[in-house]
Amino acid sequence: ARHTGPPDGGWGWMIVAGCFLVTICTRAVTRCISIFFVEFQAYFGQDYARTAWIHSIVDCATMLCAPLGSLISNHVSCQVGIMLGGLLASTGLILSSFATSLEHLYLSLGVLTGLGFALCYSPAIAMVGKYFNKRKALAYGIAMSGSGIGTFILAPVVQLLIEQFSWRGALLILGGFVLNLCVCGALMRPISLKEDCKTAPEFLEKDYVPETEKQDLKRMFICSPLIKLWPHEHLCYCSWKEYDFLLMPGFMVLAGSVLFMAYGCSPLFVYLVPYALSVGVSHHQAAFLMSILGVIDIIGNITFGWLTDRRCLKKHRYFCYLFAVGMDGLCCLFLPVLQSFPLLVPFSFTFGYFDGAYVTLIPVMTADVVGTSLLSSALGVVYFLHAIPYLVSPPVAGWLVDTTGSYTASFLLCGFSMIFSSALLCFARLAKKIKRMHLRSLSGNTALKQHIWTNGAIAYSVTAELHQKDVEFLAVDTNSFSNR
């Protein structure tokens, strides 16, 4: 049976649990790959720069192939896509345990495992949006907290596995652990919503379709004749439906904002510990700063999700998102003047909290812009846009450190990038509000009332400025005419 709207509970909480496990097996495992760096350097005799490409390739492949995950999820099923991704990711980790060179790891651990993660990540997150509406932000907060919780738990476990079984044994065990993605995929029971099957007239009513093109678009909206043969109604869609959100001005602004946000947030996780060490903080304290980031990130995921589901803030989630991104940008701007451990601890708390906050709201914002029926495809594009900034920003920040001899330029660039991302969304919303007010004033000045009168079986629409008495007269006359 097709639901008129998201059920906001029931099996939806199992979907949240499945997405929580997916974020542990994908994002947390990706973060834990950095623990292998020292082992890879010692075994292969390579420098940090060449070894660091492994982590960059995994992150880039996961985001770059996100649209492929959405494509498989939309055209086959979410369950099949996530199970296939789990098999590929596990295979990549297992093959990495037999690596004889860094190039081998680039392909197995970087490309193959990253591709597997891509097939799982965006479809699982999109499923949460299909099952929740009223408590969507809270559901996403719980689901996305798997990244922080998983990192907090897996990091010491992986270190223990390396000490006990060497890096090869640890990768082999991680390969078995990632197979749990197949279990997560089995939990993703598909749901058919009323808005999942839209007709061509509904699409043509959208604001971003120009009037001059609507006649041409009507000819292009040809639904497949095979849809009557499919037992699942949610497979009925028109050829333009899946990626029509790319024409939305709101999504274009969001996409541009994501590029700057992704550039700004990535280098800090790479260079916070080296920066702390450069200002005299001990190794133990520098590692503790990263632990604080991970734990507070979890709190930001859940509490900010819960807060933005409250009635007073639900209508203002857009501004909550840009506020969180802007606050992280301000934290980066102030970081160069924080040169002691007591000052860096509050930074870790603040940056970690707002990082968790906006990560939770990314899928919520996307769903608000494009709707739940297009969420899987839209998230694939959004995460695809993360790929290039994730790949480019750490080397650029490193080049600035080498050139200037300090971290100031790198952190300032990150801060201004995130603030610009927030400002872009703010200006877009203000422009939209001004446009609405302008249209309202125009419609108020030329307000015309429409009244329907009948002549036999044909209805006519007459537009004129009529007095109330004239309206009542026409209504009485119409009724008397129809009774004849």
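Glycine too: its Cβ is placed from the backbone N, Cα and C atoms.
Of the given residue ranges 80-99, 220-239, TrEMBL assigns the label transmembrane segment to 80-99.
When Cβ distances are compared across the two stretches, the transmembrane segment (408-431) makes no contact with the transmembrane segment (344-362), since fewer than 3 pairs at least 6 residues apart fall below 8 angstroms.
Sequence-distant contacts of the transmembrane segment (138-162) (same chain, at least 6 residues past either end, Cβ-Cβ under 8 Å): 12, 16, 19-25, 27-29, 31-32, 35-36, 39, 124-125, 128-129, 131-132, 169-170, 173-174, 291, 294-295, 297-298, 301-306, 309, 356, 359-361, 363-364. Here the transmembrane segment (369-388) has long-range neighbours at 6, 59-71, 73-74, 78, 121-123, 125-127, 129-130, 133, 193, 195-196, 198, 241-246, 248, 250-251, 254-255, 258-259, 262, 362-363, meaning same-chain residues at least 6 beyond its ends whose C-beta is under 8 angstroms from one of its own.
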